[in-house]
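First up is the structure itself, then whatever we jot down about it.
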């Protein structure tokens with residue numbers, strides 16, 4: 001049988017050679033397959049991230065759109081209290097992404113934390129119907145049955161707890177699942193970035209328009225309480241989306257820079273200045289240089305220089321605080337004006353929050369127009385000041401909007417009062433049609449179309465790539481501060497004037513004075529931004545980014 005043995009040996013050798021050849025070819029084939037599927041994988045990730053973003057905004061706007069009506073009619077709050085609650089919830093939802101981002105970097109893993117945040121969001125949106133459902137008295141077979149068992153105090157406790165958990169969940173989704181860094185914008189130039197931000201906010205506002213029309217009507221109509229179930233269903237959609245691509249969905253940022261490092265550099269520089277009595281001097285070109293290891297600090301050259309480039313944007317961030325306060329008049333002061341106006345249109349009662357769509361329409365129209373303008377400007381030599389001009393014009397439009405709101409309030413009081421049913425409550429309102437308030441909504445919509453994408457562009461582009469996420473965090477922090485500043489203004493105006501500037505019954509107070517006061521502050525804010533933008537230049541940032549005269553911010 002030697003011949004058979006030799007044949008088996010030869011066959012085995014052939015099979016081994018074929019296997020070795022296959023092994024040599026397999027890595028290249030796998031790499032080729034990986035390269036082929038990479039664009040498809042990135043597209044899938046971008047679509048999923050965008051879907052989660054839209055679902056999260058859907059739930060957020062669904063909670064906000066009729067909160068004032070719910071607080072005043074169902075919880076018995078006064079107007080200024082309901083406005084403060086609404087603005088504080090929006091501000092908290094802006095600040096929690098920064099907190100959750102820090103937790104994800106330092107204390108808790110990103111996957112574990114996103115599961116916790118999704119549970120908190122689910123818990124908040126599930127608890128809101130407990131408060132929103134009045135469980136009104138019903139009659140079954142002529143027997144009176146009382147279903148509601150929560151007292152007003154218990155309703156408020158559950159309501160605040162639900163808002164807190166929902167805001168924490170919102171922070172986790174925005175910070176971990178769908179941060180701007182997840183859209184792979186590192187290789188984009190200023191033109192592409194501005195186009196991205198324009199269309200990104202266009203999609204968000206289109207989504208909010210759908211929410212304001214649909215959910216606000218459901219909440220305000222006979223089945224109004226089902227409106228708080230829609231955020232619950234929407235978050236389920238987000239959870240399913242994350243579950244489908246959880247491995248590729250969770251974005252992992254670079255760990256070479258963090259928010260704590262930035263705060264540490266600032267604190268170290270201030271401490272060194274105070275100890276050595278060197279306030280903005282002492283042989284260094286910048287006070288932040290005191291944080292460098294060469295000058296007795298604890299941070300490297302790269303970390304300090306990155307913080308210095310970020311610090312140059314602080315004036316931009318600071319001037320956004322008051323602007324955000326004006327924008328917050330839509331879910332507070334403007335909402336109260338609309339609520340106290342005639343909502344009847346040919347026998348149909350318009351949802352109060354549906355008036356917000358009027359402020360969204362200008363943005364939906366302006367974005368395609370601005371895209372054409374940006375294409376022309378970025379191809380010419382005079383395009384350098386376009387982002388600054390957009391911000392100045394937008395802030396001026398916001399100031400004019402609040403001023404027009406004051407005149408509209410005076411105009412509204414000249415109309416006789418009529419009875420109007422809202423959420424099964426009869427209210428005395430002005431007979432002035434709510435469409436008379438359209439100009440103030442349109443002006444704020446124009447402001448948002450101009451300011452928000454431009455500020456996002458400058459915050460993202462004028463800093464090194466390693467701290468772009470931190471720069472956007474700071475912009476979010478200052479925007480959240482604007483919401484809380486608005487709540488502070490409302491509380492101060494009500495307390496200081498004994499309810500005259502922000503009254504519970506608008507026809508008995510002077511709400512227009514509050515609007516005129518805010519408009520005057522916004523005009524000063526716009527003038528200050530314009531002045532600083534012409535006196536200072538970020539030459540180092542221009543030289544580093546190679547923008548030259550293409551993007552002169554200062």
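The backbone N, Cα and C atoms fix where each Cβ goes, and this holds for glycine too.
Per TrEMBL, the feature transmembrane segment maps to 58-77 (among others).
Residues or ranges marked as transmembrane segment by TrEMBL: 84-104 (among others).
Residues or ranges marked as transmembrane segment in TrEMBL: 110-136 (among others).
Same-chain residues lying 6 or more positions outside the transmembrane segment (157-177) and placing a CB less than 8 Å from one of its CB atoms are 49, 52, 56, 59-60, 63, 75, 85, 89, 92-93, 95-101, 104, 110, 113-114, 116-125, 127-128, 130-131, 150, 235, 238, 242, 249-251. Residues or ranges marked as transmembrane segment by TrEMBL: 157-177 (among others).
Annotation source TrEMBL lists transmembrane segment at 199-218 (among others). Under 8 Å from some Cβ of the transmembrane segment (199-218) lie the Cβ atoms of residues 50, 53-54, 57-58, 61-62, 65-66, 224, 226-227, 230, 351-354, 356-357, 360-361, 363-364, 367, 371, 448, 452-453, 456, all in the same chain and six or more residues away from its ends.
Marked as transmembrane segment by TrEMBL: 225-245 (among others).
Panel annotation: around the transmembrane segment (348-367), residues 65-66, 69, 198-199, 201-202, 205-206, 208-209, 212-213, 215-217, 219-220, 330-331, 334-335, 338-339, 420-422, 434, 437-438, 441-442, 444-446, 448-450 of the same chain, lying at least six beyond its termini, place a Cβ under 8 Å from a Cβ of the stretch. Per TrEMBL, transmembrane segment is recorded for 348-367 (among others).
Residues annotated as transmembrane segment in TrEMBL: 388-407 (among others). Long-range contacts of the transmembrane segment (388-407) within its own chain (CB-CB distance under 8 A, at least 6 residues past either end) are made by residues 319, 323, 326-327, 329, 333-334, 337, 437, 439-444, 446-451, 453-455, 512-513, 515-516, 518-519, 522-523, 525-526, 529-530, 533, 552-554.
Beyond the ends of the transmembrane segment (441-462), by six or more residues, the same chain brings 180, 185, 190, 193-194, 197-198, 200-201, 205, 309, 312-313, 316-317, 320, 323, 326-327, 329-330, 334, 355-356, 358-363, 366-367, 370, 387-388, 390-391, 393-395, 397-398, 400-401, 404, 468, 471-472, 474-475, 538, 541, 545, 547, 551, 553 to within a C-beta distance below 8 angstroms of the stretch. According to TrEMBL, the feature transmembrane segment maps to 441-462 (among others).
For 474-494 (among others), the entry in TrEMBL reads transmembrane segment.
Summarising the annotation, TrEMBL assigns transmembrane segment to 514-533 (among others).
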